[in-house]
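Feature annotations, reproduced from Swiss-Prot:
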type	residues	note
BINDING	ASN10, GLU381	Mg(2+) binding site
BINDING	LYS17, HIS204, LEU205, GLY206, ASN207, GLY208, ASP279, MET280, ARG281, GLY327, ILE328, GLY329, GLU330, ASN331	ATP binding site
BINDING	ARG87	substrate binding site
ACT_SITE	ASP144	active site, proton donor/acceptor
SITE	HIS176	site 'Transition state stabilizer'
SITE	ARG237	site 'Transition state stabilizer'
Amino acid sequence: MSARNILVINCGSSSIKFALVNEAQATFPLQGLAECIGSPEAVIHFESAAGKESVKVPNADHQAALAQILPRVEDAAGGHLDGIGHRVVHGGEKFFASTLLNDETLAGIEANIQLAPLHNPANLSGIHAAINLFPELPQVGVFDTAFHQTMPEHAYRYAVPDVLYKDHGVRRYGFHGTSHRYVSKRAAELAGVPVDNSSWLVAHLGNGCSTCAVVNGESRDTSMGLTPLEGLVMGTRSGDVDPSLHNFLHKTLGWDLAKIDNMLNKESGLKGLSGLSNDMRTLAEARQAGHPGAVLAFEVFCYRLAKSLAAMSCALPQLDGLVFTGGIGENSSAVRERTLEHLKLFGFKLDAEANARCTRGVAGEIQAQGSPRVMVVPTNEERQIALDTLALLDA
């Protein structure tokens with residue numbers, strides 16, 4: 001049987017990230033990004049071995065953009081596409097694994113819109129567009145939240161009145177589940193440790209950041225909660241703040257909920273602390289030049305990350321390793337070094353040369369001799385979504 005091809009789609013409100021995944025190839029035959037969807041500036045960027053190309057598609061909606069993308073995908077797949085895997089942000093309590101998409105499962109995704117009002121409608125737009133364009137192809141939903149459905153109740157419940165959970169689903173769900181699942185399994189493979197007898201601390205650090213405790217291939221706790229705002233300091237998100245901050249800002253400054261929500265999600269984090277940028281690469285340069293805001297943002301980011309990792313360790317029976325992934329986790333040797341300096345009780349020590357070497361997609365162990373294992377493992381959510389899609393096709 002020839003190697004199969006899966007198209008992976010990640011739809012945002014005004015964007016579509018896509019990748020063609022061939023099960024036998026390490027690199028993607030075609031990938032790209034459609035951005036500014038619905039506006040006169042809408043454009044699709046394609047990238048393949050042949051090079052890069054951008055195509056303007058003024059005012060295209062999700063379906064019109066996908067109609068431009070899919071013929072190129074089919075061509076790159078040699079005319080044979082086997083299925084489509086969709087990233088879906090929120091599966092609530094209904095979806096604890098990836099699932100084939102049909103009328104029933106689509107209704108379940110729609111029922112969770114109140115839990116992800118920005119993301120799930122965008123995900124559904126992409127799903128409906130793909131189904132309209134390729135009604136005969138099997139399509140699969142892969143949920144950011146599904147991996148964390150194995151968390152015990154004492155880890156996912158908030159200490160608020162029970163009725164809020166039972167009637168309104170107010171609980172911790174966690175996100176980045178596809179990345180945490182892929183990376184923890186890959187770490188076990190690289191370390192030669194059985195997945196079903198392993199315990200990992202995973203730090204997914206990008207513009208969004210979260211930690212996760214993974215035991216025997218299952219999530220036992222994670223730093224994000226009801227929404228992706230809970231937990232670590234992120235690019236533009238505050239992470240944990242005093243819940244009374246909303247009341248304080250309303251009474252003191254007269255801010256309404258929408259303004260506070262926008263500030264915490266889009267104006268805070270590294271951007272808010274530094275007054276400069278949400279990009280750790282920009283802050284790294286500014287920090288070297290002595291920019292006070294960049295120095296502060298870096299220090300708060302690393303300390304809060306270390307604090308979260310220490311908290312996640314409560315869910316582990318043992319520690320087989322700490323794993324860094326995501327754009328910052330994979331590329332910032334300085335963040336890794338500073339974070340571990342805050343975790344002295346764990347006995348972590350880095351091999352400076354190995355730490356410096358593991359950037360730009362290089363995986364490996366970076367601990368010094370005698371230290372607990374520390375690894376850098378590049379994430380690959382697109383491949384994990386494709387693997388889930390193939391598994392359901394084989395079921």
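Along the chain as shown, the residues are counted starting at 1.
Keep in mind that glycine also has a Cβ here, set from the backbone N, Cα and C atoms.
Projection of Swiss-Prot feature records onto the structure.
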residue: ASN10; record: Mg(2+) binding site; CB count, 10 Å: 22
residue: LYS17; record: ATP binding site; CB count, 10 Å: 18
residue: ASP144; record: active site, proton donor/acceptor; CB count, 10 Å: 25
residue: HIS176; record: site 'Transition state stabilizer'; CB count, 10 Å: 29
residue: ASN207; record: ATP binding site; CB count, 10 Å: 17
residue: ARG237; record: site 'Transition state stabilizer'; CB count, 10 Å: 26
residue: ASP279; record: ATP binding site; CB count, 10 Å: 16
residue: ARG281; record: ATP binding site; CB count, 10 Å: 12
residue: ILE328; record: ATP binding site; CB count, 10 Å: 26
residue: GLU381; record: Mg(2+) binding site; CB count, 10 Å: 23
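ILE328 (ATP binding site) carries a helical DSSP state (H, G or I). Within 10 Å of LYS17 (ATP binding site), counting C-alpha to C-alpha distances, fall the following of the recorded positions ASN10, ASP144, HIS176, ARG237, GLU381: ASN10. Checking each of the recorded positions ASP144, HIS176, ARG237 against GLU330 (ATP binding site) by C-alpha distance, the shortest gap belongs to HIS176.
If you take the Cα of ASN10 (Mg(2+) binding site) and the Cα of ASN207 (ATP binding site), they are about 16 angstrom apart, rounded to a whole number.
Neighbour counts of Cβ atoms within 10 Å were compared for the binding-site residues ARG87, LEU205, GLU330, and the top value is held by LEU205.
Listed recorded positions near ARG237 (site 'Transition state stabilizer'): ASN207 (candidates ASP144, HIS176, ASN207, ARG281; Cα-Cα distance within 10 Å). Cα to Cα, ASP144 (active site, proton donor/acceptor) and ASN207 (ATP binding site) are separated by 16 Å.
Put simply, HIS176 is the one of the recorded positions ARG87, HIS176, GLU381 whose Cα lies nearest to the Cα of LEU205 (ATP binding site). The maximal spread of the ATP binding site, taken as the longest Cα to Cα distance among LYS17, HIS204, LEU205, GLY206, ASN207, GLY208, ASP279, MET280, ARG281, GLY327, ILE328, GLY329, GLU330, ASN331, is 22 Å. Following the DSSP three-state reduction, the secondary structure of HIS176 (site 'Transition state stabilizer') is coil.
DSSP assigns ASP279 (ATP binding site) to coil in the three-state reduction, placing it in neither a helix nor a strand.
With respect to their backbone Cα atoms, ASP279 (ATP binding site) and GLU381 (Mg(2+) binding site) stand 21 Å from each other.
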